[in-house]
């Protein structure tokens, strides 16, 4: 589905019956969360709240509440079609020598297509039609959601954070939640391993005492948002990949107060800086963030993160505020992960051809548990795959549990997976434990914040050398009997 910006996408979703306008008054304080959560769990449409309590700005929620809408946002009709983008990313991440002239020409065509999708910079843009500066900068003027009763403050959730490290040509796009701290201040909760935090760390080391520019785009088009959460190779701009998804170049405009480039058709853009603060060990202003309800289904603990001071807010005329909540799966991040799972399969298969399928069940908080199907070739093969997944992509750095099964097990069917675990696993022999590894800061089960253990389960059939016993043979019915019974079955009317 081709579209230019979020508004165009909304119009097309409504035409497809994938968006519902909510004309009743609904409060950003808790009520939007409750209504979006109920709608998502029912497989319902995106919701456009046209009358948010206390505000004139409509709120868009549940945009990515189904895998189909994620697929539509990436320019295809079905989630199964996303593997084509996975093959593109695999070619770019780990390029191999072409196996022939035809493949060489195909790779050249891919590079040419990506080059043609380089972002286009505009001199002026809709996102700067209205400008708030000075005392006009007040986040209370925006319908920012307060998602859960125990949340300490309203929370910006779908903000596309734009940063750039010193001496880097490429800007980084990331989605990090932001706690509203004051009328013009938010807390930027980016984890140390994320791109925005790394850019900021480099700036702080090379330019101590100098403010660090940041922009946050709210209501960017879906392709740009999804490009920011996709494992794009470091050599490729997320803006460029968004153009590939959208089928047209991403249009950008220079921010008014820095050299950063922002999406030209974003609904709202927050421009500002992280300012120096000699009282903090980092040399920059920090504040205690949280607690907030998170995708784990719990409130997370508090921690210190940088304070982003907003110098100006630019926006389109009659802007739309794009928001979400996170909670016990399923939520929007879980639906995103379920769809993006299809991108990961070709990426992993390029590095590990023995992987025949890969699944991140949403019940596992989107990334904490992975089930891997392999074509086993030798003893210890499952363990090689476990270590490979943990180290190959940054997205799997925080995966706590990996279950590896043979290619006769349907990894998207829990009944089949549990059968494999209970019949093919000896807890002592087939459990791999790794201690003191990077763990999600939000994982309160780990003994130390950000550092914990991982577990791998080898639920494959065991080969000689892995067991001294005769291994069981799965029960199967003969093909001729199955065919005969099928004929009888058709006569029973069952």
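Our numbering is plain: 1 for the first residue shown, then up by one each step along the chain.
The backbone N, Cα and C atoms fix where each Cβ goes, and this holds for glycine too.
Note that this is a predicted model, so its numbers are computed, not measured.
Quick look at what Swiss-Prot lists:
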type	residues	note
BINDING	172, 238	Mn(2+) binding site
BINDING	175, 176, 177, 189, 190, 191, 194, 195	prenylated FMN binding site
ACT_SITE	294	active site, proton donor
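The structure, with features from Swiss-Prot marked on it.
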| residue | record | Cβ contacts under 8 Å, 6 or more apart |
| --- | --- | --- |
| 172 | Mn(2+) binding site | 162, 163, 164, 165, 195, 196, 198, 199, 238 |
| 175 | prenylated FMN binding site | 158, 159, 160, 161, 225, 228, 229 |
| 176 | prenylated FMN binding site | 159, 161, 188, 189, 190, 194, 196 |
| 177 | prenylated FMN binding site | 155, 156, 157, 159, 189, 292 |
| 191 | prenylated FMN binding site | 197, 440, 441, 450 |
| 294 | active site, proton donor | 300, 326, 327, 442 |
Candidate with the highest Cβ count within 10 Å, taken from the binding-site residues 189, 194: 189
Site with most surrounding Cβ atoms, counting all protein chains shown within 10 Å, from the binding-site residues 190, 195, 238: 238
Chain-mates of 175, 176, 177, 189, 190, 191, 194, 195 with C-beta within 8 Å of site centroid, prenylated FMN: 161, 174, 188, 196, 197
Site extent for prenylated FMN, whole Å (max Cα pair distance, 175, 176, 177, 189, 190, 191, 194, 195): 14
Structural state of residue 189 (prenylated FMN binding site), classified by DSSP into three states: coil
